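Asks: Per TrEMBL, the features are:
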type: DOMAIN; residues: 1-45; note: domain 'Cadherin'
type: DOMAIN; residues: 46-158; note: domain 'Cadherin'
type: DOMAIN; residues: 159-273; note: domain 'Cadherin'
type: DOMAIN; residues: 273-395; note: domain 'Cadherin'
type: TRANSMEM; residues: 390-419; note: transmembrane segment
């Protein structure tokens, strides 16, 4: 049986009892028979020749085509592997197997170049992974693969990925630094000198993001780099710029190269002191003692190294105070010639020194060394370099005097603040007008009931208790004229009318009292009034029933009131 022809069989089986004799019973069942696969079929390509067109800019590792060998077997018996067994430049391509689709994928191992080789022919083999050696059949198959390389418009290619150029600092503008070159890889062979030749040339530009100060220029046709501004090595020793090359016929094809420009040194800087030196000379020093060691620096960097020469200016060659000595290591020592330096005579000396380098041409500069005369201890330790130190007390410096003076000023400020606060505290308070307390104001809530109200309290309380026995002076204003207090009667013989008149007279004749001085409120209606109480609270009748004719009988004072309240017969009818 061949599984590839028929994989499954169904068999019906019948069973009979009674030995199969007449009258017996029977039953049937179906048996499914499945054939298992054996590797008895080799892989087979669907066609013997495969042709692919691959662009030359295809990336490394990218697929360029697929081939597949079919196998009638299933499972592990159908798995195959692919290999390139023959062909020109087999190391340019490789073929791998896709485990899912069992296809052979052709991939690129090296970049293609249409200008170098335009086509490739390969022989590919597909073989089973598992096969039966006893079968004797060849479990593999082969096919031919032809690959045509498609020409692509490639960007220009520089002759070198990086160019290193050199130029002297301070070189004049438009100095040619060097040349960069690039070619169009799409063009091979010698070019015919015609107008169409320009189609294959490149144009060159400088990426200004790498040359922000625009210190360089480049010729767009031949790639010559020139100087646009003078360069200073002490500012920048190296300049890295990016040059781009584009095709004239296709500006989208751009290539880049790095150009490193080194600035060569020339002797254009004079040496100078390494730092701002300030020397100190002791008054009790000895002749020949070293005051200061001086060294110099130079921004230039000569190939042979630095060598500095020191000398005093011509006006100081016969200096009676100081001299210099070369130490042999590009430094000098400044020496004192005598020991009679005094601060009272001269506190500070200035020593000009000329420093010259060994460049071509040599450069020199004049630097001044400042020397201070100071007071020193016996061990030579500097203690004071100021002339003012002589006028200060022994052991007391200028800083200590300033601190003491600051403390004295602080104490004075504290004392002034203290005195000011004491004066402010002892100042008497001013009584406001709205809080001015005059005489006692006695108020009563009783409306008044005539003589009946006088029986409820002592009439003597209407007087100012403090004014019974004497005159009560004002507390807020000291009067210019003092009036003798008027004696009044005791509580048992009080005449209210007389008491009020006396108070009124005193207030009117008091020059120190304002009009509001003696305000008194009294609820007393008077004594012995023939009218009696004027209150209507006790009247039981209404206004319409009340008879006011009796008001005319009270006298001339109530006549007008009686006319207002009296109602005639004619008025009633109305």
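The first residue you see is number 1, and the count goes up from there.
Just so it is clear, glycine is given a Cβ too, placed from its N, Cα and C backbone atoms.
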Asks: In this predicted model, what is the average pLDDT of the domain 'Cadherin' (46-158)?
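Replies: Within the domain 'Cadherin' (46-158), the model's average pLDDT equals 84.
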Asks: Mind checking which residues of the chain, 6+ beyond the ends of the domain 'Cadherin' (1-45), have their Cβ under 8 Å from one of its Cβ atoms?
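Replies: For the domain 'Cadherin' (1-45), the far contacts come to 67-75, 77-78, 80, 126-128, 130-132, 135, 137-143.
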Asks: Do you know the DSSP helix, strand and coil residue counts for the domain 'Cadherin' (1-45)?
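Replies: Secondary-structure composition of the domain 'Cadherin' (1-45): 3 helix, 20 strand, 22 coil.
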Asks: How does the domain 'Cadherin' (159-273) divide up by DSSP, counting helix, then strand, then coil residues?
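Replies: Once the DSSP states are binned, the domain 'Cadherin' (159-273) shows 9 helix, 48 strand, 58 coil.
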